[in-house]
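Asks: Please see the structure below; I have some questions.
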Amino acid sequence: MSAGGGEVILRTENLGKRFGGFTALKGVSAEFRAGALTAIIGPNGAGKSTYFNILSGAFPPSEGRVLFEGRDITGLPQHRFAHMGIAKSFQITNVFPELSALENVRIALQARVSRYDIWRPRARMTGLVEQAGEILATVGLWARRDRAASALAHGEQRALEIGMALAAQPRLLLLDEPTAGMSPEETRAMMELILRLARERTVILVEHKMKLVMGISDRVLVLHHGELLAEGTPDEIRRDETVRRVYLGQREH
Amino acid sequence: MAHATTAEPAAPRAALSGALERHRVLAAAAFLAVFPLVAPFEALAVNILIHGLYALGFNLMFGYLGLLSFGHAALFGGGAYLCGIAIVHFGAPWWVAIPAGIAGAVAIAAIVGALAVRTRGIYFSMVTLALAQCFYYIFYQASDWTGGENGLRGVDLKAIALGPATLDFLDPRTRYYVVAAFVVLALWLLSRILASPFGAVIEAVRENEARARACGYDVTRTRLLAFVLSGAFCGLAGALNALHLSIVPIESMAIETSGLAVMMCLLGGMGTFFGPFVGAAVFLLLESIVSVWTVHWQLVVGAVFVLCVLFFPRGIWGSILHWAAGGGR
């Protein structure tokens, strides 16, 4: 596994977020290199989701900046992120429940080519259907293409979500706890999928279970109490005394 | 086994409703062409068509996009007034007056929409309601232009000149076919919109707003565009109503008119193509039949509405479609 030595694709500078009087994130400065698979880990309440939500544009930070490919994207509206090449999967399964698996991906693809066209029949846009089929095959859902998304198993819905994120042809793919609530088999399949996807693009992944990501990540960021506790390769993180204390300390509870 | 026996009789039903779905505009045109031959009540039929068109515009927001507007009277009334003002104050011909009505409703929709589409749920309903009341008040006060509480009188259209031919708009059957032609045109446009890429976006936004946003769709702009399109349909309905009645009553803009669209849409089936027309037909038929033997017709119509919502939440047309698709009652 390469150490992810590409140039910096995403940078956060002194990122902070307060919710009322509660500080969820404080002074997080970090760099993410192009082509690398970076995992953001930390115990519950470490600020992982807050950090993820700012990176993916769900809400703006209270302070600090986010730079994507050198461009300041702090506080841009959510829909612009997809246009720029940043796609995400949600922590809680988030699909179009009544639409078929194929239509879920097709609509995600359509966002790149047509958003306000009220005239052209979309039945003629057959290219999108073909591409959607290819993406479904990539995430292992081709056989389930005509099923309503709500009728898919949990693991399948998560895979569908990743398919929808891929439809944006992102240069940066953000995944929020992609294996949450999955069975061991589903988790293994998902991890394989993520590894496969990471070969072609930059992936940032938020994960609660430390063990899961150590084997596949190029870089690991550890958050604790809303601050950046440690950063490095999985080996460095494994040897890091403060990280061990945080994780061991948590296990005692 | 039980599944197989229930599925079997459903197959021809499903085929029929599938064919109807594919050729829905053609089917509507054919139906409207022969309708006056079997049911010669043109005045009522025109009323049904106009209100069905109005409910169709409303349905685009409510049924397809999932936002309940309580302010669509401003769009219907706006279309009626602008069309009427063009004729009464400027002596405009029909082919100017009707587009003027549509343009007026589109402008009002743009204003109401711009302020309302950022909200959702009950807040959207309240903002549209409040803004519609503002427009009601403006049109009520501008009595030099609108006739105030007396309504705008003298919206007379006697004949429609179409090249060498002249259609006598005072003849009930001719009038019916003129209105039906506009309705078929509107149905064709709606069908086109629903089958367009934007039609899929509307559906996506209704299904899951956050996901639509993450896909790269600007939810606010999508809603605004849908609201404006909705305004165009309602404005056309309003303009036709002004021509049909020869007057624009101030009630066109009143809150009851907004409620009418909600009721007709729910009665017929929200989010279905023909539901608004079925709802308008049932509502107006009930009204004209029941009001013959009691002045309290609203009580009866209201009871039917409540029963319908309780026992047929899909609406009449929606329930028929559901049954045709093979899914019980």
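Cβ atoms are placed via backbone N, Cα and C, with glycine included.
TrEMBL entries are annotated by machine, without manual review.
Okay, these came from TrEMBL:
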type	residues	note
TRANSMEM	B:25-50	transmembrane segment
TRANSMEM	B:62-88	transmembrane segment
TRANSMEM	B:94-115	transmembrane segment
TRANSMEM	B:122-140	transmembrane segment
TRANSMEM	B:176-203	transmembrane segment
TRANSMEM	B:224-248	transmembrane segment
TRANSMEM	B:260-286	transmembrane segment
TRANSMEM	B:293-312	transmembrane segment
Asks: With pairs fewer than 6 apart in sequence excluded, do the transmembrane segment (B:176-203) and the transmembrane segment (B:25-50) have three or more C-beta pairs that lie under 8 Å?
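Replies: The transmembrane segment (B:176-203) and the transmembrane segment (B:25-50): touching, yes.
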Asks: Would you confirm whether the transmembrane segment (B:176-203) and the transmembrane segment (B:293-312) meet the contact rule of 3 or more C-beta pairs below 8 angstroms, pairs 6 or more apart in sequence?
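Replies: With fewer than 3 qualifying Cβ pairs, these stretches do not touch.
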Asks: At an 8 Å Cβ cut-off, counting only pairs 6 or more apart in sequence, do the transmembrane segment (B:260-286) and the transmembrane segment (B:94-115) clear the bar of 3 or more pairs?
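Replies: Between the transmembrane segment (B:260-286) and the transmembrane segment (B:94-115), contact is absent.
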